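Student: After the structure tokens below, expect a handful of questions from me.
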Amino acid sequence: MTEIDRMLAANEAWLGQFPGDLPVAPARKVAVVACMDSRMPLFGLLGLEVGDAHVIRNAGGVVTEDTLRSVAISQHLLGTRAVVLVHHTDCGLQKSTDQDFADLVERTTGHRPPWPARTFTDVDADVRESMRTIRETPYLLSTEVRGTVYDVASGRLREIS
Ligand SMILES: [Zn+2]
């Protein structure tokens, strides 16, 4: 049985807590932009229920063109207005550099990726940069943009001013 087989089997058990049909627009009008880190259970740590928020995740929770595409769709088509960023301590993106990562991929596959990995050293600075990008994107409708760092050692969320 592979991990994916186990997931498909787990769905059977989850049907017991399925909340039923819900509106497509998130009830709390919030979009969360977060790192893909496996230690961040976003719904639990932010007190969200199914149907409450959009969750947009990628490596680092960085604001890429595709993140902006998702936030724009979230806001213009589905009515969200607040954006909260969730980065975290001990991120995988702090363990390499853009150059080293591209070198690794090229060495392993023979192909150099056309995009930067968007590694960083200072997580607070990275959150501020992400907040600035969202605030300065002229086609968004955000009424509130806030950034946080989740401590994977304590479970505590720290807001970045
Ligand atoms: Zn991360």
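Quick reminder: no glycine exception, Cβ is built from N, Cα and C everywhere.
Just so you know, TrEMBL annotations are computer predictions that nobody has curated.
Feature annotation from TrEMBL assigns Zn(2+) binding site to C35, D37, H88, C91.
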Student: For each of the binding-site residues (C35, C91), count the other CB atoms lying within 10 A of its CB, then report the residue with the highest count.
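Tutor: Sorting the candidates by Cβ neighbours within 10 Å, the top entry is C35.
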Student: Other than C35, D37, H88, C91, which residues of the chain come within 8 Å of the Zn(2+) site, judged by Cβ distance to the Cβ centroid of those residues?
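Tutor: For the Zn(2+) site, the extra neighbours are A34, M36, R39, M40, G60, G61, V86, H87, T89, D90, G92, L93, Y150, V152.
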Student: Neighbour count, 10 Å Cβ-Cβ cut-off, for D37 (Zn(2+) binding site): what number do you get?
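Tutor: Counting Cβ neighbours of D37 (Zn(2+) binding site) within 10 Å gives 21.
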Student: Can you tell me the three-state DSSP label for H88 (Zn(2+) binding site)?
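Tutor: H88 (Zn(2+) binding site) sits in a strand per DSSP.
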Student: Including all protein chains shown, what's the count of other C-beta atoms within 10 A of the C-beta of H88 (Zn(2+) binding site)?
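Tutor: Step by step: centre on the Cβ of H88 (Zn(2+) binding site), count other Cβ atoms within 10 Å, giving 23.
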